[in-house]
Amino acid sequence: MADEPLILGIETSCDETGVGIVRGHTLLADALASSVEEHARFGGVVPEVASRAHLEAIVPTMDRALAEAGVTIADIDAIAVTSGPGLAGALLVGVAAAKGYAVAAEKPVYGVNHLAAHVAVDTLEHGPLPEPAIALLVSGGHSSLLLVDDLARGVTPLGATIDDAAGEAFDKVARLLGLPFPGGPPIDREARNGDPGSIHFPRGLTAPKDLAAHRYDFSFSGLKTAVARWVEARQRAGEPVPVADVAAAFQEAVCDVLTAKALDACRANGIETLVVGGGVAANSRLRALAEQRAAKHGIRVRVPRPKLCTDNGAMVAALGSHLVAAGVAPSRLDLPADSAMPLTVVSV
Ligand code: KG4
Ligand code: ZN
């Protein structure tokens with residue numbers, strides 16, 4: 001609707017410079033500049049390289065988003081920006097840019113939580129989120145299960161990884177298998193030609209004794225080590241490594257645990273909506289298994305399209321739009337870039 005506020009969102013927490021523009025739940029622009037190729041040879045994101053790339057990309061990306069939406073900065077009603085969590089230097093570029101544009105164009109600014117934005121982005125695809133909902137957030141830096149009562153004001157963490165994030169496990173296993181960084185997409189592709197039942201890898205924190213203390217927590221470090229030992233044993237024996245089978249069996253172990261715990265959280269809390277977000281939500285097996293298991297219990301799974309799952313500016317704009325609609329006050333102009341922003345804080 002034309003009278004809904006026009007919100008611009010800026011994302012610079014990791015290696016993607018994103019600027020998105022939304023009106024209500026309608027996506028008008030989603031401009032992205034990625035420095036991922038500059039990090040590929042290091043096998044992970046190099047913070048200094050990412051910050052410099054954001055500095056170079058922020059103004060052109062901003063201009064592209066405005067042109068794509070066919071608006072000017074004067075038309076924007078509010079600016080939202082990722083305040084945290086993320087890489088400190090990278091966050092600073094986005095926060096400084098948001099403040100600059102906000103002061104120059106006299107607009108309110110909202111400093112928002114990157115993880116809440118990964119949940120909010122689904123509203124651009126599936127409309128308002130029924131609350132309460134359970135959110136499974138799986139990215140390169142985080143893996144959490146959240147109870148979402150009121151996304152505008154706070155979320156309740158139910159559990160999180162106690163070691164590696166799910167995306168980190170994909171990246172490390174890809175490296176072991178000689179696949180490129182980031183590892184999620186190539187493992188997803190390889191796994192399509194592999195047999196997930198050919199190797200049984202461990203499911204972390206699912207034994208009855210672990211469930212007592214860690215019902216909704218995850219652990220992927222033992223799985224990663226199990227894959228490494230398995231691959232090393234093959235190499236020592238002089239046998240070829242069946243990359244597609246290892247990828248499929250590893251992916252199955254991750255998706256099995258993520259979906260089992262997410263659906264357990266839904267059922268234990270009597271909740272009928274599961275929303276999945278973050279880069280790993282782009283995984284084809286995770287999407288299929290979540291839907292298959294949820295259907296048995298009458299639970300609806302909402303997963304945004306893959307491009308909206310990985311980091312982008314639209315997700316920040318979507319959360320900003322949700323905050324404005326809920327009447328949340330804007331942030332102060334001295335809002336911080338907070339690399340360790342807690343999950344419970346939606347906006348500062
Ligand atoms: O949300 P995101 O773009 O950045 C962070 O906030 O971390 O997530 C990036 C992570 C990477 O670890 C990447 O390997 C993973 O998401 N990823 C995937 C897939 N696409 C991206 N993991 C599994 N399957 C995919 N198709
Ligand atoms: Zn992210």
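Quick reminder: no glycine exception, Cβ is built from N, Cα and C everywhere.
Automated prediction, rather than curation, is the source of TrEMBL annotations.
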**Message:** Just to be sure I read the record right: HIS114, HIS118 are listed as binding Fe cation in TrEMBL. Which of ASP311, ASP334 is listed for the same site?
**Reply:** ASP311
**Residue from ASP149, ASP150, ASP171 that TrEMBL also lists as binding substrate with LEU137, VAL138, SER139, GLY140, GLY141, GLY184, ASP188, ASN283** = ASP171
**Request:** Starting from the Cβ centroid of HIS114, HIS118, ASP311, which together make up the recorded Fe cation site, report each further residue of the same chain whose Cβ lies within 8 Å of that point, ordered by sequence.
**Result:** GLU11, SER13, CYS14, THR82, LEU115, ALA117, SER139, GLY277, GLY278, ASN312, MET315, VAL316
**Message:** Just to be sure I understand the contacts, which binding-site residues have a Cβ under 6 angstroms from any atom of ligand 2? Candidates are LEU137, GLY184, ASN283.
**Reply:** none
**Rounded to the nearest Å - Cα separation of GLY141 (substrate binding site) and ASP311 (Fe cation binding site)** = 12
**Prompt:** Do you know the mean pLDDT across the domain 'Gcp-like' (27-317)?
**Reply:** 97
**Message:** So if I draw a 10 Å sphere around the Cβ of GLY141 (substrate binding site), how many other Cβ atoms end up inside it?
**Reply:** 18
